[in-house]
Amino acid sequence: MVNPDLLVIVGPTAVGKTALSLKLAKEFTGEIISGDSMQVYKEMDIGTAKATAQERREIPHHMIDLIYPDTSFSVQEFQQLAERAIWDVYQRGHLPMLVGGTGLYVESITHGYHMPKVSENRAYRSELINLAEREGNMVLYQRLQEVDSETASRLHPNDRRRIIRALEVYHETGKRFSDQKKRKTSPYNLLWIGLTMPRDLLYDRINQRVDQMIEQGLIQEVKQLKEKGYHDGLTSIQAIGYKEIISYLDGDITLEEAIESIKRGTRKFAKRQLSWFRRIPEIHWFDVMQNPVYTEIQQLVAGKFPRYRE
């Protein structure tokens, strides 16, 4: 069986993955498969930094705007749909490009994870949900840290749904979620590109991006979601940028406090992203501040996937 070609572009938020992927897609007849867990949600555009409508007209994008914010979406579902999209792109003679910063989602594709199947225990799940409602998500996160620190280190403390899932796996099997993800030989002919930059410059970019999101209408976007009944108990609305603006709209914090909280949360998220991807030895890392970085990446891609070059 043929292993489809797959170019993977990873790195922290705001480092320039979108710009690079668009440029490479034009040169190598590529189509982009988003590897971002939040870009699957409709009506959440500004805060998730989706490619613009114009960019999506120029280059086909997949795994974006699949579901509404109140719909649950698992890693398994992402894996199934993304694999289908990759095969579709490859069979049409185009280069599939998996681009994103959600490590678990990206690796579920590249490493062909077999996710543990655990029967639903509604009583235990209700117990966890009620605990989080009473005492906050951090209580669940701390519980996960105690039984599966590896999985906890890869999740945001407010990612309630995935924290609960990992706790369910441990509760039902007595084994850690991180131990049950089985890696096999990749089903793809892979080339990994990783983007990075000096941390102080990255943090400056993150701060600027948050300011731009506010200018582009993030507050109005969140207000519209709130008016439609989407609340902060949803996994989607727990995304960085959304929960803080909800708190501002509810009068719990000032706008300045919300913006600073978004910046701080995004910087921490970028740090976690780098920690995740640094574990993968196959990644070719490039400092985007070094010239001529695009030429080097271009040559690497052309050497691996020469048949796609226009």
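Using N, Cα and C of the backbone, Cβ positions are placed for all residues, glycine too.
Any TrEMBL annotation is an automated prediction that lacks curation.
Annotation comment: TrEMBL describes GLY11, PRO12, THR13, ALA14, VAL15, GLY16, LYS17, THR18 as ATP binding site. Within the same chain, residues at least six positions away from VAL15 (ATP binding site) with a Cβ under 8 Å of its Cβ are LEU195, THR196, MET197, LEU202, ARG205, ALA270, VAL288.
For the recorded site, VAL15 (ATP binding site), the DSSP three-state label reads coil. The feature substrate binding site is assigned by TrEMBL to THR13, ALA14, VAL15, GLY16, LYS17, THR18.
TrEMBL lists 36-39 with the feature region 'Interaction with substrate tRNA'. When pLDDT is averaged over the region 'Interaction with substrate tRNA' (36-39), the result is 96.
The Cβ of THR102 (site 'Interaction with substrate tRNA') lies under 8 Å from the Cβ of GLY35, ASP36, SER37, MET38, each of these being in the same chain and 6 or more residues away along the sequence. The annotation site 'Interaction with substrate tRNA' is assigned in TrEMBL to THR102 (among others).
Per TrEMBL, site 'Interaction with substrate tRNA' is recorded for ARG125 (among others). Annotation note: ARG125 (site 'Interaction with substrate tRNA') sits in a helical segment as assigned by DSSP. Its Cβ taken as reference, ARG125 (site 'Interaction with substrate tRNA') is surrounded by 15 other Cβ atoms within 10 Å in the chains shown.
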Can you name every residue in this chain, apart from GLY11, PRO12, THR13, ALA14, VAL15, GLY16, LYS17, THR18, with its Cβ inside 8 Å of the center of the Cβ atoms of the recorded ATP site? GLY101, LEU195
ALA14 (ATP binding site) versus ARG125 (site 'Interaction with substrate tRNA') - Cα distance in angstrom: 35
Near ALA14 (ATP binding site), which residues of its own chain have a C-beta under 8 A away, given they sit six or more steps off in sequence? LEU202, ARG205, ILE206, ARG209, THR266, ALA270
Other than THR13, ALA14, VAL15, GLY16, LYS17, THR18, which residues of the chain come within 8 Å of the substrate site, judged by Cβ distance to the Cβ centroid of those residues? GLY11, PRO12, ALA19, ALA49, GLY101, LEU195, ARG205
Minimum Cβ neighbour count within 10 Å among the binding-site residues GLY11, PRO12, GLY16: which residue? GLY16
